[in-house]
Every structure is written in C-alpha cells, then in structure tokens.
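Here's what TrEMBL has on this protein:
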type	residues	note
ACT_SITE	TYR152	active site
ACT_SITE	ASP194	active site, proton donor/acceptor
ACT_SITE	HIS302	active site, proton acceptor
DOMAIN	47-302	domain 'Endonuclease/exonuclease/phosphatase'
SITE	ASN196	site 'Transition state stabilizer'
SITE	ASP272	site 'Important for catalytic activity'
SITE	HIS302	site 'Interaction with DNA substrate'
Amino acid sequence: MSVKVFYYLFSASPIIYSFVVHYIFIRHLLIFDIISSEYTVLTMKFVSFNINGLRARPHQLAAIIEQHQPDVIGLQETKVHDDMFPLEEVSQHGYHVFYHGQKGHYGVALLTRNEPLAVRRGFPTDEEDAQRRIIMADIATPQGPLTVINGYFPQGESRDHPIKFPAKERFYADLQQYLEQQLSADAQVLIMGDLNISPTDLDIGIGEDSRKRWLRTGKCSFLPEERAWLERLQNWGLVDTFRAANPDCNDQFSWFDYRSRGFDENRGLRIDLLLASRPLAARCIATGIDYDIRSMEKPSDHAPVWSEFAL
C-alpha cells in the first residue's frame, strides 16, 4: 500500500512538521524523497505457512489472505505434484502462483501480488530426482530487488538416521553455498519457511523432560549440530525477525504435535522462521505468529509466521 502526503502540508505548521519527523524516526515507516518533496509509505508483508497438504486446507489459505492481505505467501509441504496443483482455485485469490512439488510429499509454492522479476526452482546443484523443497523469486521494491527464498527444510528424524540426517545437513550446506556464491549479504534477502530447527532454548516449549529426552536420544530439532548449521546461515548476514523483535519471548511457537494435542496446552516448537538480511531486517516493522489460523477446524500442525517491512 502506498500513501503520498505532499510537502506543503508540513511546511504550513511547525507542529505538524515536528510530529512527522518524530514519526519517521520512531516507526521507520516514512521515506523522504527530496526530488519530489513528498513522503511515501510502502509496506510489504510476507507470510510463511507449512500448510501440511494444500488440497486439504484451502480454508486456511483463504483465511490467511483475508486476515493478513500479504504481498507474498510462501507455502511448504504442499504435498501435490505439479500436474495436480490446484492452480485455478489458488489463483482466484488474486496472486501470481508458482509451485514446485511432487506426489504425496514435500512441495513448496510462492504466491505474489505483483509478478516477480524471476523465479527459480530448486538449487543449481540439484539432481533430477531431488526432493522438491525450495523455490525462490526476485521481487521489485522501491529499495531494489528483493530475493525471497521459500524452503521446506528436511526434518532429519534423528542423529543416527543414515539417510535423513545427512540429507538435512546437505540441504543446509547447499543453501549456504547458494548464498555465498549467488547473493550478497548487503542486498535484500529473505529466507522463510519451515526450517525444522529451534534456534534457541526459548523456542522450545515441549517441557524440560521432553527436551532432555530428545537431546539424549538424538532426536532432531535442536541438536547442537543443527543449531551450528543454522548459526552459520545467520553469520552470513541474516537476522531472525521474530527473535529480534521479541528477544525474551519463550511462549510463542509455530509447530504443535497433533497426537499430544500440543496446541491446546501451548506445547510446541518455534521452527518456522523468517530470516532477513541485515539491510532488510532494519526495515522490519512488525512480525508475529498467527495462533488464530492454527485454531481453525482441520488445521495444519503449524501456525503461519509473518513479517512486515517498510520498503
């Protein structure tokens, strides 16, 4: 959304001018254009949601759009082959729709209000039979192109799993390589999705006994090795937008186990993240986790996570 307020409104009153200058510095929302002598407000909202089966939960996608009116939506675990993707149903919401999926498992999609500059599916190093877990797009903004990377990261199962755990490590390494070789930390970059790692102990809400048992048995989600992979990503130049805005929060999670009715007791993990490059993170004005969407009938086991930026 863009709102223009012409300069003469401010020059007419020092009080109005003082208020506006204060608003600029406090909220980081207004960008002064010296050439045209006008103020412009432009915000973009990004929502990430592990939908756990797109065709099973169109009502949750519709609710996200109605409540958030996002500019970009990243979906994970769509669980639908490209040939069967419900394009007509999803497109009716007014978005450009891009997807990368396979039958029954994995799958990702990007929905954008404006047509992207470019869309890429998978990593350049992916083999033909690689799991469909990542989709990227370059989006035009007043600050220049913004690269959004939407991923459904492997869960890994446990440290001793001979296939799934190495696959998770390799996926993180592939993303790290892509960032280092293809992108700049000084540019606008946003990684969002189900990263399947809780970054800190503040993001663990399954109880102390369960936390210790998971660590003792090598169950994935917050193993030291996993956190090292995530920390390496962040050291490239990424900021966890939710944690930056909520440094001490320990009761907000994005995944809740169906079987133990974790959502009813707010027992879960924060494993769905939006990681922004530092120039982009500096423009983050709001971020959160939508518990209302998770409380709907026939929900995904994940809650949507979102961030809004002044661009």
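Just so it is clear, glycine is given a Cβ too, placed from its N, Cα and C backbone atoms.
Location within the structure of each feature annotated in TrEMBL.
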| residue | record | Cβ contacts under 8 Å, 6 or more apart |
| --- | --- | --- |
| TYR152 | active site | ASN50, GLN76, GLU77, TYR106, GLY107, VAL108, ARG133, ILE134, GLY193, ASP194 |
| ASN196 | site 'Transition state stabilizer' | PHE153, PRO154, GLN155, GLY156, LYS168, CYS220, SER221, ILE271 |
| ASP272 | site 'Important for catalytic activity' | SER48, PHE49, ASN50, GLY193, ASP194, LEU195, SER254, TRP255, ILE289, HIS302, ALA303, PRO304, VAL305 |
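Fewest Cβ neighbours within 10 Å among the active-site residues ASP194, HIS302: this applies to HIS302.
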